[in-house]
Every structure is written in C-alpha cells, then in structure tokens.
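Taken straight from TrEMBL:
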- Thr118, Thr119, Phe146, Pro147, Thr148, Asp149, Asp223, His226, Tyr248, Trp278, Thr304: pyridoxal 5'-phosphate binding site (BINDING)
- 8-24: compositional bias 'Low complexity' (COMPBIAS)
- Lys249: N6-(pyridoxal phosphate)lysine (MOD_RES)
- 1-24: region 'Disordered' (REGION)
Amino acid sequence: MTHPTTPAAASSAERAAEPGTAAAPTTAELDRLDPLAGYRERFLPSDGLVAYLDGNSLGRPLRVTADHLGAFVARDWGGRLIRAWDEQWMELPFSLGDRIAAATLGAAPGQTVVADSTTVLLYKLMRAAVDARPGRHELVLDDDNFPTDRFVAEGIARERGLRIRWISVDPARGVELDQVRAAVGPDTALVVLSHVSYRSGFLADMEGITRVAHDAGALVLWDLCHSVGSVPTRLDEWNVDLAVGCTYKYLNGGPGSPAFGYVARRLQADLEQPVQGWMGAADVFAMGDGFVPGEGMRRFLSGTPPVIGMLAMQDMLDLIEEAGIDAIRAKSIALTEHALRLVEKQLVPLGVTIATPKAAEERGSHVTIRHPEFREVTARLWEQGVIPDFRAPDGLRIGLSPLSTSFAELQRGIDAIETALTGGATAAGSS
Ligand SMILES: Cc1ncc(COP(=O)(O)O)c(C=O)c1O
Ligand SMILES: Nc1c(O)cccc1C(=O)C[C@H](N)C(=O)O
C-alpha cells in the first residue's frame with residue numbers, strides 16, 4: 001500500500017535530521033510551519049471550547065455554512081418552492097456524489113451517490129452484493145468492526161440463510177491482509193471491512209485486501225466513515241467493488257447528514273438493492289405499475305433525497321478541493337505523529353498505553369489511548385471544554401481533523417489529560 005508523500009511529515013523529518021536541530025519539532029514550530037493553518041479560522045468558534053478532539057464523530061461547522069443555511073431557506077426553498085426539485089435538487093445526490101468521489105475517493109463520475117444513512121446504505125449494498133453471488137454462503141467480517149456494520153451483516157445473514165466468518169483482530173490494530181487471505185474461499189460471497197478502524201485508527205490495506213478477496217471470487221464492501229475527507233483512496237485504481245461512508249465526520253455535513261455509496265460501474269447493472277422506492281425507478285414521475293430500476297446509480301436511491309442535510313458538506317468540499325486531499329493527509333499524519341510523541345512523553349509515564357499503530361502508513365486520523373480511569377477522565381474533560389471521546393472499556397480517542405485542528409489545540413488536550421490523571425501535577429511538562 002502506498003500513500004502520497006506528505007510535505008508536513010517530510011519537513012519535520014528533514015528538520016529532525018539537521019545537525020544541531022532538536023529531533024522532534026515543538027508544538028509552536030509545527031503550527032508556524034503548517035501550510036493549512038489558515039483554514040482553522042473558517043470554522044465557527046464555540047464558546048468555552050479549549051480543545052475539540054472529536055471531529056471523527058462530528059466535524060465542526062464552517063462559518064459560511066450558517067449564512068448558506070439561512071440563504072437556502074429564503075432563496076431556494078422559500079423562493080423557488082417545488083420548482084427547485086427540477087431546477088437543482090433532483091440531481092444533487094449524483095452531483096454531490098461525484099464531487100466527493102473526485103475530491104476524496106479517487107473515483108470517476110457516475111459511481112457515487114449521496115443518500116440515506118450509513119446504516120441503511122450498508123444494508124442496501126450488502127444485500128445487493130450477497131444476492132449477486134448466489135451459491136456462496138459466507139460473509140467475512142472482523143469482530144472489531146463498528147457495531148452497525150456487524151449488526152446489519154447479522155441481519156442479512158439471517159434473512160438470506162448465510163453464515164458469518166468472523167476474523168478475530170488485535171484491537172490495537174485491525175484487520176490484516178494475511179487474515180483476510182486465510183478467511184476467504186470458494187464459499188465467500190462478500191467481505192465487509194472498515195478502511196480505518198473506529199477504535200484503533202488502524203488503516204487497512206484496501207488495495208491488497210480487495211485483490212485477495214477478488215482472487216477468491218468474492219466482492220468487497222469498504223466502510224469509509226473514518227477515512228473519507230482525511231485519508232485519500234483510489235477506489236477505481238484499486239478495483240474496489242462497493243463502499244459506503246458517512247459525511248458528518250471529516251466532510252463536516254452536520255448531525256445526521258446523509259451517507260454516500262460507491263458502486264463500481266462494472267457492477268451497477270447486475271446489482272439489485274432491496275429498498276426499491278420511486279426515486280430509484282427508471283422514470284421517477286411515470287407513476288406506473290411495477291418497479292423498473294433506473295440506470296446507473298439511480299437504482300441505489302429509494303426515497304426523497306434529504307436536501308437540507310446535503311448543504312453543509314458542500315461548504316466543506318469547497319475547502320477540501322482548495323486545500324487538496326494529499327495536503328490534508330499530510331497534516332493528518334503530522335498531527336497523529338505529534339499526538340503519539342506527546343502521549344509517549346506526558347501520558348505513558350502515567351500508565352497510559354497506546355492502541356494505535358506507530359507507523360504513519362498504518363493509521364488514519366485519530367489516536368486511541370487506554371487507561372482504566374478514562375471513562376471518568378473524559379467526563380471531567382468535557383466539563384472543562386476539552387472534548388475527546390470515550391469508547392468502552394477504557395479507550396480515549398483523540399480525533400484530529402486536519403483543517404480545523406491546530407497543534408496547539410492538540411497540546412492543550414494532552415496537557416488536560418495529563419492534569420486529569422495526576423490531579424494537577426505534571427508528569428513531564430509540555431513541549
Ligand atoms: C465505521 C462506522 N460505520 C458506521 C457508522 C454510523 O452509521 P450511521 O451514520 O448510520 O449512524 C459509524 C459512526 O457512527 C462508523 O464509525
Ligand atoms: N454517529 C454518531 C452519532 O449519531 C452520535 C454520536 C456519535 C456518533 C459517531 O459518529 C460514533 C462514531 N462513528 C464512532 O466512531 O464511534
């Protein structure tokens with residue numbers, strides 16, 4: 001698996017190699033040299049916020065989004081009323097899907113659509129995929145995948161009389177290529193995995209895993225929730241079949257914004273998704289008898305697109321297109337690298353362990369650390385305006401959104417965790 005070289009990461013490595021320069025850059029240096037630092041100002045400030053380290057659950061709104069939402073009510077909805085469906089909204093699921101595809105996914109137009117929630121799209125595409133592999137009786141998943149992915153797969157297995165082969169993963173990592181190679185075979189219909197693990201932040205080898213699943217004759221569906229907008233993919237080049245992702249994390253679409261689904265063009269005509277509604281029909285306004293599926297990605301829609309939920313992400317896509325996904329990935333790597341450095345220095349001496357891979361090419365944009373007191377610590381941090389999140393049994397996730405998180409903000413978060421664990425006394429000071 002290869003990723004583009006990262007200017008921010010490369011420059012810190014170069015500085016580390018210069019004689020007479022401290023091995024690790026300081027927090028202040030990293031902010032000063034950050035080419036994306038200016039983007040932070042474009043996000044709405046939040047009263048009393050000290051450090052927001054949870055953009056991997058809910059991304060922050062942009063200032064401009066507040067204006068755009070108001071203008072939408074007055075101009076598009078209030079002004080154009082029902083006429084706006086023909087004028088712009090009917091095409092939005094496809095045009096926005098194509099924008100996400102070009103800016104972040106490495107996918108050509110006509111293969112990505114915005115619709116439903118992640119859970120519902122996972123159901124629709126998983127069901128379509130297993131039905132496209134008749135005579136095969138197994139779904140392959142890892143036992144640490146996000147609950148909704150596991151629950152949907154279990155429901156489909158029950159509905160279709162299939163088995164699930166669970167890959168047992170190291171929770172400080174995620175699913176490895178060799179594990180998938182050992183799990184797939186002639187009875188595998190579909191493999192369902194997350195690109196970036198919601199728990200450890202482990203970045204799976206999408207290209208390699210897709211290849212071994214294909215060698216076994218199976219299809220693969222990737223959950224991109226924790227990578228889209230922070231880790232670039234090359235879905236077309238890597239021959240990916242299906243992908244689903246949410247838009248409220250690194251695409252900053254807002255709470256409950258709809259998901260997107262990708263179906264490789266070569267598969268579209270052969271897949272039948274189970275929620276056949278009027279918006280997926282070949283002629284939406286024919287109002288006729290019997291369902292005839294639409295061409296291309298239309299057949300993967302079901303009901304009326306959630307237009308208001310698609311507004312905020314358009315503003316974030318403006319930013320992503322402007323900054324470029326490779327520069328965003330570079331900043332993400334620099335942020336997670338610094339987080340790991342600070343954790344090693346300030347928190348490991350306090351009994352904290354790291355549950356995220358050390359190698360940059362093996363992690364996404366969050367870092368997970370563990371300590372028995374993290375449930376209580378997270379609750380206290382939230383009261384102080386320091387917002388990471390807690391995942392049972394003892395994991396604290398530090399989510400780093402490359403366009404809105406600064407290195408100083410990360411430092412404030414680590415300092416606050418240190419203070420919470422020591423009751424005030426610092427373990428090693430801060431850099
Ligand atoms: C990997 C993953 N899949 C799915 C979801 C959520 O699905 P939904 O948007 O339907 O709540 C999340 C987070 O909420 C997630 O992290
Ligand atoms: N989707 C969420 C929600 O509706 C409420 C609270 C949190 C979330 C999350 O995003 C959870 C998240 N996907 C996770 O990785 O844990």
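Residue numbering: from 1, along the chain as shown.
Heads up, the Cβ atoms here are built off N, Cα and C, so glycines get one too.
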Candidates near ligand 1 among the binding-site residues Thr118, Phe146, Tyr248, judged by a Cβ under 6 angstroms: Thr118, Phe146
Of Phe146, Lys249 (the recorded positions), the residue whose Cβ has the fewest other Cβ atoms within 10 Å: Phe146
Densest Cβ neighbourhood among Thr118, Thr148 (binding-site residues), 10 Å radius: Thr118
All-chain count of other Cβ atoms within 10 Å of Thr304 (pyridoxal 5'-phosphate binding site): 13
Mapped DSSP class for Phe146 (pyridoxal 5'-phosphate binding site), helix or strand or coil: coil
Lys249 (N6-(pyridoxal phosphate)lysine) in three-state DSSP notation: coil
Spatial neighbours, same chain, of Tyr248 (pyridoxal 5'-phosphate binding site) - Cβ under 8 Å, 6+ residues apart: Leu58, Gly59, Gly254, Pro255, Gly256, Ser257
Under 8 Å by Cβ from Asp223 (pyridoxal 5'-phosphate binding site), counting only residues of that chain that are 6 or more apart: Thr118, Leu122, Asn145, Phe146, Asp149, Val192, Leu193, Ser194, His195, Ala243, Val244, Gly245
Maximum Cα-Cα separation in Å among residues Thr118, Thr119, Phe146, Pro147, Thr148, Asp149, Asp223, His226, Tyr248, Trp278, Thr304, which the record lists as binding pyridoxal 5'-phosphate: 31
The residue listed as 'N6-(pyridoxal phosphate)lysine' to Thr148 (pyridoxal 5'-phosphate binding site) - Cα separation in whole Å: 16
